[in-house]
Ligand SMILES: Cc1ncc(C[n+]2csc(CCOP(=O)(O)OP(=O)(O)O)c2C)c(N)n1
Ligand SMILES: CC(=O)[C@@H](O)[C@H](O)COP(=O)(O)O
Ligand SMILES: [Mg+2]
């Protein structure tokens, strides 16, 4: 049911859906109306919350049709990435909370098991759906049950290796699986690669275009006798519509391409496909990203991820920036380096705008590689470039680099290859939540021998780290920087490389030392002010390098202060652990040093405003100061008083 205060007027079908399964009783005409209503509601919601609008608008009819034809949640419906599921959430018992989307305490912007039984599998990273669906199929088949399992995967996500690993296993695992390939000819940017070209060929092929021209449904055009052949296991797709040989060779029935906005067509195809249990089926559905909302349909990114916006004009209300964003600084600095050094090349895995490499590619189109959603390949591709003397900058979000970890270990680090990892979105990211938090990279990279790791405390430091990585050819290096804007410091015309493995003292004190790695430095300085106001003289140092550790600096801080606090925007097992290992090995912990390692908490933090999440994690100024005071034996009451004073 709608929320009484916020529901849009005039959604007669949606308003009368008492329970999600009521959708199964609707007529095709009502389903069409329902789709229109859901689309209107989705636009209205995202205009107020921000979020992934274009993908959601593209699957409205598909979502309605799937919930009508299949018996969800008994039938398992798995959405790849999950960023397109706002219509699904509206239809599956979450309409009353849909306006809390991506807000603290509210609905997740992705599928999430803890949120609803209609989300049987959580997601946010691409190309997991077919593997997970196969797992559900195998479990079902072992249990002797007969529910259907459906995976919906986008054309962009089809560039990821996992999708092929799963398709390669599908026919051997089960005979009863439906994969819906939602082809809107878009990733976040236009999709790249051979598979994308193959799909485009299928769509531009004569039969699909003819079906559209004649306005007839594919299912209607398909003689029933042919469907009967399918049921008997005969190969029919090549003669049926336009091709799909690739999928057929992997053991799927290929059905399509079909128009994903034509409700009747969708319903009849899905109903027929539902009955196929002798081979996995792949239904190729053609949709339009942003469908039904002109500003989205006409946007270059098809309104992939948007801020709040004015529904009439489509204008997004992005707050005015006070300083350049870290991503922007990365792009600008890399361009400078590439002008000087012809060996500098850049790699993105389907995130050209997110990583700033769209700007780099405007200047150096031949030195930019968008490999699609393929982080594993991106890393090993970079390793190959490095092995042949180039200076590859592999620009990935921290959370997506996780997917290429074995490649980092086996192909890069083990061979000591000078791949430069530009790790964007390091630390908490806010509304995207736990799936996108860049939490683990310090730990997972730090365990690898020979890996140099830097973390930028402001945008000038980021520029210096790019200079350092460009100059450093002795092995792999990484520099991490957060989502959002810098602190407003001046960036030199051409930054100087840093001395490898050396941090810096930012403020001198005597009792407490705060050793910060990365962009919590500003909060550390505020904490030092706070502590100073309590008479606790505080040194603040910027470690710059998690690896190699500035051992002299660490030892000096440990020896000359009563209390040492390390601060990092990462999970435990990272920088603080490296400091502890070193001090323990040197016996520096044997004489009463009060040391605390402040990290992100050992939980997956739900989405919220980043400031709030950092405060919850104890990584804001108050949390840092409180940790120092607590270590020095102050009572909670004293600490609370200090907070009020501060
Ligand atoms: C492993 C991974 N890499 C990158 C991303 C970032 N990402 C989110 S959605 C998206 C595009 C997905 O394209 P597609 O599957 O076609 O869905 P569409 O947005 O077109 O609906 C990308 C690159 C991700 N979620 N996961
Ligand atoms: C769904 C997805 O993975 C991306 O769209 C992501 O939400 C982008 O995040 P940024 O806004 O930080 O680029
Ligand atoms: Mg797509």
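Our numbering is plain: 1 for the first residue shown, then up by one each step along the chain.
Heads up, the Cβ atoms here are built off N, Cα and C, so glycines get one too.
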Item to check | Same-site residue for thiamine diphosphate (record: TrEMBL; known: 83, 124, 125, 126, 156, 157, 184, 293; options: 18, 37, 362, 375) | outcome: 375
Next on the checklist: Given the binding-site residues 83, 125, 155, 156, 184, 375, return the subset with CB under 6 A from an atom of ligand 3, ordered by sequence, or none if empty.
Outcome noted: 155, 156, 184
Checklist entry - Out of 125, 155, 156, 184, 375, which binding-site residues lie by ligand 2, with a C-beta less than 6 Å from some atom of it? => result none
Checklist entry - Tell me, how many other CB atoms lie within 10 A of the CB of residue 83 (thiamine diphosphate binding site), whichever protein chain they belong to? => result 24
Checklist outcome for this item: Here the 10 Å Cβ neighbour count for residue 125 (thiamine diphosphate binding site) comes out at 20
Checklist entry - Including all protein chains shown, what's the count of other C-beta atoms within 10 A of the C-beta of residue 156 (thiamine diphosphate binding site)? => result 30
Item to check | Nonlocal residues around residue 184 (thiamine diphosphate binding site), in sequence order (Cβ under 8 Å, 6 or more apart) | outcome: 55, 58, 154, 155, 286, 287, 288, 289, 302
Checklist entry - Taking the residues 83, 124, 125, 126, 156, 157, 184, 293, 375 listed for thiamine diphosphate, what is the greatest CA to CA distance in Å, to the nearest whole number? => result 32
